[in-house]
Amino acid sequence: MPTNEQEDPRTSTLDDDLKLVSIGSPSIDNSPALISNIYNTEYEKAVLNTSLNPWNSRAFKLYLIVMIGFLNAVSSGFDGSLMSGINAMNQYLDYFDYSGLGKSTGIVFMIYIVGNCVGSFFAGPITDLVGRRGGMFTGAIFVLVGSAVIVSAQNINAFMGGRFILGFGIAISTTAAPTWITELAPPQWRGRLGASYNSCFFIGSIPATGAMVGTVKMNSTWAWRLPLMLQVIPPVIIISFVWFLPESPRWLVQKGKFNEARDILIEYHSDDGKMNPIIELQLREFQESIETKKAEAFWDYRPLFSSKNRRWRMLCLALMCVNGQLAGNGLITYFLPAMMANAGVTSKQRQLVYNFANSILSAFGAFTGAAITDKIGRRKRLYLGSFILACLLAIVAALTANFGKVGNDNLNGANASITFIFLFGLAYSFTYTPLQALYCAEVMSQDMRGKGMAVHILISNCAGFINTFANSVGLGKLGWKYYFVFVGWDFIASALWFCFGVETHGRTLEELDEVFNTAWPARESTRKTRLAAVK
């Protein structure tokens, strides 16, 4: 092992100092060697030879840039929490002559999902044709218009029309934004930055729920109109600044703008504005994976399934879309007041306070999960997390069955029910929220990513029908017994992730192609190489 204490290992010649052996090799002595288990040796060599300081001015410039992209997730967060809280307001229910549960309420929620589904068919082509920035701009325009219509709605038809437009725009913006962030981020930070994107759902959720705690006391429609006005803030900022942001370097190479892509990588993937091994590796892989691809019609989605490699990628994407939606999170996002009522909390004011507290706790879980994404990977978190979610939701159902009855005077039991509802939200936010957009973007190859992320929106929202229309009816008729539908699915999801989930941590996006070309990518992705520095 090198003995010169002043030698920087990132600038040493790795081929001279490092010996690569597979795990379990008898030829290596673990005691005198510095050993680390890694997924991809070429990527690891480039990382070790590249200095990338997360605290310098270039890094902070990148953080500020991607925050504009994060605002697309903020818009999505506003809707989920606003509609959950507004659905508990008598001012809203009386104005539109609705109850908190039932088919009518489900339709109001569902029309947003319909807009999402329709928008997803346009999201991929728009993101591929006009770029990732163009996709964010287009989506923001629709979100702004939809928000304005909802706030000013004088009847239920206008309200639902606005929600359709809002859902249409969210589909486009939430296709373009995570794609842009994942493609722009340095591979060493891709997990943290990409996971932080979806975690920003709660940056919209928290002020939305907090605002409703104050406005619920108003004796007019402003009780629900004022919180809804918050939805116009993110699209206004995005529209104002998006054209000042750098475009995705991968998209630029795909369009033949290699020099522009290189300049962006040098600006944001280095400490000193110069070429380094990680930039060289990426540029080489960009050219190999992008320039060799045959041009495809922007409307043709068949190439997403044209090979085993691609079909497995789409399977991983579908697992995230379906399992992420059917984990039971829809009960929390849209029907927390109904769950609180099942647990014995009937005060509208108290329900909104609990809704606000749950948003804060869930945000903590999401950002904690995002912060350690580059350390713990994806696959293990997903299959263990799904198992834990099933257990927590089963406990919620059992406690609610015993202590959520009308006339229950056991406050400890009711509080225990609420506590486990919050713990479920925390666990879900840690497990799924940071990965929902990031993982789907990672498992797509460059030429698949725009359309693949649009399919992600479509599948998520098809599954989301259960979280809106079916949940409303199911909770209304079955109460706490309906929770067991999701308990069962979480156990199934855990098994599916273990068998079919591919680990994306520790590789560049292009290097994942080698994994998906193997006979069983899920198993291959967990295999590591032992990297040892020996004398």
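Our numbering is plain: 1 for the first residue shown, then up by one each step along the chain.
Quick reminder: no glycine exception, Cβ is built from N, Cα and C everywhere.
Note that TrEMBL annotation is computational and uncurated.
Because the structure is a prediction, the values reported are computed rather than measured.
According to TrEMBL, the protein carries these features:
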DOMAIN    65-505  domain 'Major facilitator superfamily (MFS) profile'
TRANSMEM  62-86  transmembrane segment
TRANSMEM  106-124  transmembrane segment
TRANSMEM  136-156  transmembrane segment
TRANSMEM  162-181  transmembrane segment
TRANSMEM  193-216  transmembrane segment
TRANSMEM  222-245  transmembrane segment
TRANSMEM  312-332  transmembrane segment
TRANSMEM  352-372  transmembrane segment
TRANSMEM  384-404  transmembrane segment
TRANSMEM  416-441  transmembrane segment
TRANSMEM  453-470  transmembrane segment
TRANSMEM  482-502  transmembrane segment
Are the transmembrane segment (416-441) and the transmembrane segment (352-372) near each other by the rule of at least 3 C-beta pairs under 8 angstroms (pairs 6 or more apart)? yes
PLDDT averaged over the residues of the domain 'Major facilitator superfamily (MFS) profile' (65-505): 87
Maximum Cβ pairs under 8 Å to the transmembrane segment (453-470) among 62-86, 106-124, 193-216, 222-245, 384-404 is reached by 106-124
With a Cβ cut-off under 8 Å, give me the same-chain residues at least six positions beyond the ends of the transmembrane segment (384-404) that come close to it. 323, 327-328, 339, 342-344, 410, 413-414, 416-417, 420-421, 423-424, 427-428, 430-432, 479-481, 483-484, 486-488, 490-491, 493-494, 497
Establish whether the number of Cβ pairs under 8 Å between the transmembrane segment (482-502) and the transmembrane segment (312-332) reaches at least three, counting only pairs separated by 6 or more residues. yes
Near the transmembrane segment (162-181), which residues from the same chain, at least 6 beyond its ends, have a CB less than 8 A from one of its CBs? 66, 69-70, 72-73, 75-76, 79, 108, 111-120, 122-124, 126-127, 132-136, 138-151, 153, 193-194, 197-198, 231, 235, 238, 248, 437-438, 440-441, 449-450, 453-454, 456-457, 461
State the non-local partners of the transmembrane segment (312-332) in its own chain: residues 6+ outside its ends, Cβ under 8 Å from one of its Cβ atoms. 304-305, 339, 358, 362, 382, 386, 389, 393, 421, 424-425, 428, 431-432, 435-436, 439-440, 443-445, 448, 452, 455-456, 459-460, 463-464, 466-468, 471, 475, 483, 486-487, 489-490, 493, 496-497, 500-502, 516, 521
